[in-house]
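Notes to accompany the following structure.
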């Protein structure tokens, strides 16, 4: 071929290809890109190419492109085309987003992302990428890559900030298009939103909460991780890693420690950063209480003092649990706690005190947070017998400003002489009690002055003895009104004045004055000022004068005729009518120590006209020149103890009296006294007494001497004297004993003895104190007695984990036998019981709820017995609920019931928590919290075994559980059995069968009970108990009619009975035979199993016969027949073609026979189509074949045929589609069963070709 011819051929091909691509640009996938170096030709193009090549080849040379055929190919004359214009196709721009699902790209932070978008359009559009309307600035990490057919967005190590909306804009000469995709970057979450809130704080837990992170990483938060550390440490401890909510309770903290918490969020990509809380102290959310009020002494005896106090102003936010009482003696610096348990209330009696000793008390409050600061100490109080109050004061004289009272001495003086009285007054109706005397009252009468005229008053009196004990106030006096006793004026008018009186001039005549006008003026002024305009009396008290000013007063009478002449007074200076008192007398100094002295004196001879309000005591050092006041407060008594003196210094003293006019002249100074401890023998011991006697011993007790001689008491000496003898024997060691109690032993029985005690200091033995009377040595019988103080008589409350300490003083002679017990059980094995002759104690450490109850203490000796009880309440979690049991069980629920716990832990039960667990698990799960004592748990899985338990909860926590000892199966009694059928009836028996219940109640059916009832009887009797679904009831009476019923039984009980639909008569039954199958024709594929079942009826039982195609069926291991009372079944395993045919079933009994026929069709692949295959039409691209159906269809209709071809040069059968090739053909049949036949005979070699025609061209 010449080069010019080849160029013409290629030009023709390009033109044809271009025209075809223009007409079907988007539909044809065979379009080739001329500029891409790739060229695709369809089958039509190949044919055209072949035709063109043939047309341009010289006739003398065969075509190199033709296939060798049997006949030589002929070539037509060429035809030239018209000129064609080669130009590029143009299309609008576009993007193919099908590869981006829903236009969303999802990436994990840190991954490399490559988004490739195919670009459409000709000429190729220019592409611009933007993010959030800003053109993307390309960097090494983010860049855009364009290819001939696509645009690519590359992001290396993508970050959260790279997420967002990305737009791409394509533009060419035909227009502009913009598409948007979304890039989502998934990452670990951000930190939870803080700060961490501390919602609740207690001593052992903290409740924290936080908010979800603002940045969840693009995916939902799976959980939070909570960690904790003590502020004193550096290591964090993970508390929980699967917290779902944004709140967490950190429990089991150590009280008093400070903690920090941090929280991290976690999603499927990992754990985010954390936020840390502020330090929080694990402590109660409340403080210790404030200080209680100052204790006040409300009662006292020689061996006890009762105090009371006010509650603290603040309880710290938690209720006051009780109080602790502390005590100390006057000269001691050590406070001693005397309350053995928390004191509930604000009254306490301190017993076992020493007679005439002064004590101070203070109180400490306690709440859940701990102990308060101690209260301020009470005033000094002496353990003395109380002084009885004086009698009710009586007013013996009343004026406008004074009341004179009188009373009688107290009946009891407390063992010491009465030394004085105090009087108090109260103005009615709302006045307070105020002290009316400013000095000690020695007599039983007193005049109260300075009262307000016409005011109402009450008065009361206190007595005081020499030991300093003050009585309770006397009964208030009657109400007294301060006014003068004024008699109503009377006129004795002469009868001569009853008529008109004529008076001669110059005679005297009197008329009554109606009232007076009183005026005043200062002497330095001339103007009179009205003081009172209507004075009815003949005197008037004028007030509001200026002290030191001189005044003149005048009185003007007034009658019905007018104002008379005034009467003026002499000038008067406004000054007190009294003066300062005189100096006190007889000033003496006594009780000298190294740092104190006692100064005493007598009243002044003159009080200056006004009662003395107090005294001023002054001292002066011998080496000094100034007098120094010793008392800061008013001293109303005639005795004062001066303290703070310097040892070995000499002092002199003087005393001045004071009244309303001021301080009077001081007394004469005393001589100088040196501040030194005196050196004298001590006084006698105080209050010696016998506290116990036996046949050979006596126990003595006494108090310290009131006067120790100025130095410390070193010991005591006890002496005894027998009978009337005057010889005293020392019973103690020569140096004495330090205790104030001593037991004298080895005395003679039935002998009388006298005893005396002496105190010893460094000077020597002091005065002795005798025991009154003689003491006979014999056993003293005393019935047992128990001294329960007020605290033990109340309910004793102790917190769980604390200690219970019961200390009880006891008495009895001989020493009683002591028994501790518990009214409602045994005392804790760990209890420590201590018993002595004077007291017994019970101590239980680490107390719990079981230690609550009533403790009994029994004393017994030969003189009798005594019993007491002490109630103890332990504040603890409650005991297990009582009488817990299952009330009802159904197939999906359980009803539980219980009673309150016997021990409620000392607090009211708030609620009960019901829990369950499956028997295969170990952990209980909470079901509900309820206030009732019964609860129904629903939605349980039928047939499963569960454990159940209930716990009570009070304000102290969750108590012990009450649980079921064995697992409970969730089931109920079964439903009635299914349909009951009569299988057989004879004259003496009935065969019954039935179906299982629709529901077994969740528990396996254990057996069935069959009951029967005779026709004329109402009683059902049990006739059979079986596990199977059938039974035979025997021993029936022939001809009798019976009813039958069946009951299903499981673990939960019996079902309702299922009755037989109709009565049964016990007689031989005769029923005609019948046989029927579900289908008349059965089909089975070769190699598969077939089962044919026929229902049989008839009585007596018929015989059954199977035949196939008129011949008795021969049973083998593959083909066999199974008969039951009501069915016969033919089973064929792995069916073959020989198993097809007509099967006949014949049943017969005494009444006759019946039969039925069943056709069995065996399905397999059909036979080959009947040949030979005929060639009806042949062309270069196709040929028409025909054949006959197969002689064997495989048991069903032929559905289609499969045609195959094979090139004679190969051995593989394929489908033919090329021209000018030789082929063989064969046919395969396939039937409706899907089986394929063997192939038919081959057609022989056939050449596929078209007739050659000159090419034609059509150009637009």
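Backbone N, Cα and C atoms are what each Cβ position is placed from, and that goes for glycine too.
Residue ranges 1221-1240, 1241-1260 are listed, and TrEMBL annotates 1241-1260 among them as region 'Disordered'.
From the options 57-89, 90-122, the stretch TrEMBL describes as region 'Disordered' is 57-89. On the 0 to 100 pLDDT scale, the domain 'Fibronectin type-III' (1168-1251) averages 75 in this prediction. Comparison of 93-184, 291-386, 583-678, 880-973 by number of C-beta pairs under 8 angstroms to the domain 'Ig-like' (784-871) places 291-386 first. Scored by C-beta pairs under 8 angstroms, the domain 'Fibronectin type-III' (583-678) has its highest count with 684-780, from the stretches 291-386, 684-780, 880-973.
Break the domain 'Fibronectin type-III' (191-285) down by DSSP state and the numbers are 0 helix, 53 strand, 42 coil. Sorting each residue of the domain 'Fibronectin type-III' (880-973) by its DSSP state yields 0 helix, 51 strand, 43 coil.
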